[in-house]
Amino acid sequence: MSDHIITLNAGSSSIKFALFATDGGEWPRQIAIGQIEGIGVSPEFEAKVAAGGKTKRALTGAETPKSHDDALKIIIGWLSETFPDAKIAAIGHRVVHGGPIYSAPMLIDDASYKVLAGFSALAPLHQPHNLAGIAAAGRAFPGIPQVGCFDTAFHRTQPFVNDTYGLPPEHYEEGVRRYGFHGLSYEYITSRLQERDPAALRRLVVLHLGNGASMCAIKDAKGQASTMGFSPLDGLLMGTRCGQIDPGVLLYLMQQKAMSAAAISDLLNKKSGLKGMSGVSSDMRDLEASAAPSAKQALEYFVNRIRRELGSLMAVTGGADALVFTGGIGSNSTFVREHVLAGMEWAGIVFDSAANQARAEVISAPGSAVKVYVMQTDEEAMIARHTIRVAKLAEAPALATA
Ligand code: AMP
């Protein structure tokens, strides 16, 4: 019987999970995926079995999870009922921040857990919840290896000019850097391209467009520059995040409007983006269907920001051999892809509108110097693959310094 891997992605009020079988292939096989959302509010359990159906139910009464530990117990209970023969060999965690030092996945022990806890100040909205997930899994599976996979790791190869801000060096030294995020998605896409079109990895721009959105310039399969920086707020317009903003606006809000740090954080993270600009929704499908002028404006801003960043990132890679659209919007929205790529012939991109409408995997015309792919990302598969490798190398965790 094969071993099994659980992947966990713990958020403020949710735990997403997946179960993989390790059959010895290059990629582990996903056999179930699901989540508990609304911990502490109105919790719901949802899961999908690869070879079966979906299940969804509200968690009420004695079942109501009050903490990540409670939620994890429910997940483990469901997994052991549904897959009684599964033997859990390791647990892989999505960890948002590996700080300036971790550029590869690693085994988590007491010492590294403390180091990761020290990065909470860098990502206060995510890191403490990721750590709560690790602690809960440690209690539920004592002695089973736990592997941390960092969303920042892929970007640690970016050169200093794309890693820093124009501040005095002491700020860089204390950790005020352009970390970049969505690294597990970029790593998954580059790994898949390595299998099917390795030439595309020479000069590549990946557009991860989802509720969170970023773009990454990649040269010879290594991250060179990201639209996200110190935090996941920078760069593109997102579901509820503002993206690029002049720091002068923040000074104005603080000095002239007496807004607190908490109020500004709420504005920039939760009340801006597609939702804040349109006043309609954070969901691209709603905006595409809406007749409201504000929805049209938000879409135009979203697309315009992507086009500007595309030019900027192609300047980093010196032109591109390929682009990849991924994420919920990137892999599904024919509308966004069409508007991002129209009139980009100056950059060597010849768009094939019919292929886009047909939802083909390649949406550039045959003669296009830049090949444009549409691909589904799979961060859980990336975590599971890392976890298998790192857990087998328990005596030599892949600790790397940038
Ligand atoms: P993600 O965060 O990658 O899961 O992406 C979630 C977002 O993808 C949703 O909020 C939607 O805006 C978007 N999305 C999903 N399906 C579609 C679709 N068929 N057309 C346009 N946008 C979509």
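Backbone N, Cα and C define each Cβ position, glycine as well.
Record features (TrEMBL):
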- Asp151: active site, proton donor/acceptor (ACT_SITE)
- Asn9, Glu379: Mg(2+) binding site (BINDING)
- Lys16, His208, Leu209, Gly210, Asn211, Gly212, Asp283, Met284, Arg285: ATP binding site (BINDING)
- Arg94: substrate binding site (BINDING)
- His182: site 'Transition state stabilizer' (SITE)
- Arg241: site 'Transition state stabilizer' (SITE)
With every protein chain in view, how many other Cβ atoms are within 10 Å of the Cβ of Asp151 (active site, proton donor/acceptor)?
27
On a C-alpha basis, identify the one among Asn9, Asp151, His182 that is nearest to Asn211 (ATP binding site); the candidates are the recorded positions.
His182
Which one is it: of the recorded positions Lys16, Arg94, Arg241, Arg285, which Cβ has the fewest other Cβ atoms within 10 Å in this structure?
Arg285
What recorded positions among Asn9, Arg94, Asn211, Arg241, Asp283, Arg285 have a C-beta sitting less than 6 Å from any atom of ligand 1?
Asn211, Asp283, Arg285
Three states by DSSP: which one describes Arg285 (ATP binding site)?
helix
Determine, using Cα-Cα distances only, which of these recorded positions is closest to His182 (site 'Transition state stabilizer'): Asn9, Lys16, Asp151, Arg285, Glu379.
Asp151
Please identify, from the binding-site residues Asn9, Asn211, the residue with the sparsest Cβ neighbourhood, meaning fewest other Cβ atoms within 10 angstroms.
Asn211
Around Glu379 (Mg(2+) binding site), how many other CB atoms lie within 10 A of its CB?
22
Mind checking which of His182, Leu209, Asp283 has the fewest other CB atoms within 10 A of its CB? They're the recorded positions.
Asp283
If you measure C-alpha to C-alpha, which of Asp151, Arg241, Glu379 (recorded positions) come within 10 angstroms of Lys16 (ATP binding site)?
none
For the C-alpha pair, I'd like the distance in angstrom between Asp283 (ATP binding site) and Arg94 (substrate binding site), rounded off.
24
Secondary-structure category, per DSSP, in which Glu379 (Mg(2+) binding site) falls:
helix
Whole number in angstrom, please: the longest C-alpha to C-alpha distance across Lys16, His208, Leu209, Gly210, Asn211, Gly212, Asp283, Met284, Arg285 for ATP.
23
